[in-house]
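Chemist: Quick one: the structure is below, questions incoming.
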C-alpha cells in the first residue's frame, strides 16, 4: 500500500492517487464536544508541505465517497484504503467514547451513505493515545445500534504513538479487538528514525501468536529509505511523494517480490509468503 500522507483537501485526493497512491491518510480534528470537525493538520507539519489545507470533515467524506464509489465521475478504482489520523490529543480521555460514536455517525451518513451504495474503501481508525481505546468501542456500538454492524468488516485499527508493542496488545484486548490491526511506526520527514521497532512489529506480524496484521512505516520520501523499509518487510509505506515509492517498486530487486495492492487484497489478512 502506497499511502499518501496528509491528504486533507478534496482536490488532493486526485493529486495523490494520480501520483501512484492506492491509499491516503487524512487528519481529523475534533471540537470541544468531541465532534469530528475538520480534516486539518496545522503547523508544524512535514518539511516541504503546506500544513494548512482543510475541509469540513463531513464535506471531505462526501468527496471521498465520490472518489471510492464505482460509477461516480470522480471514482478512482485504485484508491482502496483510507487511514484517518484522529487528532484526539485535544480531547479529555473520558471523551474518547463520544468521539468514536460521533465519528461513526459522520461516516455512516456521509461516507457509507447509510449503507446504501456508499464508498467502498477500507478504513483504518488511527489513534495517537492508548488511553483513548474507548473510541473503538464507541464507534462499534454506534454502527451496531444504527443497524449497520456489517460495516465493521470495512474498519481496521491502529495506534500511532510508537508505544511498546506489548502495551498496544494489552490495549486491543481491553477494546475487544481481535483482528484488522495495522501497526505503524515512524516519525516526521524532518527527522531520521531507525527501523528497529518496524522489525519488531514485522516479527510480531509473522509469528504464530502475533496480534498485528499489517505494518506500515512513515514518513518515507527518499528512495534509499524506501528500499530499507521494503527490505524490512513492511506492508505499507506512508509518503509525501507516492511517485518515489512507485518508482522503487518498479526496480528489478522489488518488482518480483512486491506489487501494489488492489481492492481484492484483504487489508486485514496477514500476507503469508
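Placed from the backbone N, Cα and C atoms, the Cβ positions cover glycine too.
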Chemist: Out of 14, 46, 72, 85, which one does Swiss-Prot list together with 25, 27 for Mg(2+)?
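Modeler: Record source Swiss-Prot; matching candidate: 85.
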Chemist: Find the one among the recorded positions 25, 27, 85, 190 whose C-alpha lies closest to that of residue 250 (N-linked glycosylation site).
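Modeler: Closest by Cα: 25.
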Chemist: Tell me the Cβ neighbour count for residue 47 (disulfide bond), meaning other Cβ atoms within 10 Å of its Cβ, over all protein chains shown.
Modeler: 12
Chemist: Only counting partners 6 or more residues apart, tell me which same-chain residues put their Cβ under 8 Å from the Cβ of residue 25 (Mg(2+) binding site).
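Modeler: The list for residue 25 (Mg(2+) binding site) reads 3, 4, 5, 6, 7, 82, 83, 84, 85, 126, 238, given in order along the sequence.
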Chemist: Given residue 27 (Mg(2+) binding site) and residue 41 (active site, nucleophile), what distance in Å do their CA atoms have, once rounded to a whole number?
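Modeler: Rounded to the nearest whole number, the Cα-Cα distance is 6 Å.
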Chemist: Between the Cα atoms of residue 41 (active site, nucleophile) and residue 190 (disulfide bond), find the distance and write it as a whole number of Å.
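Modeler: Between the Cα atoms of residue 41 (active site, nucleophile) and residue 190 (disulfide bond), the distance comes to 16 Å.
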Chemist: Given residue 45 (disulfide bond) and residue 190 (disulfide bond), what distance in Å do their CA atoms have, once rounded to a whole number?
Modeler: 9
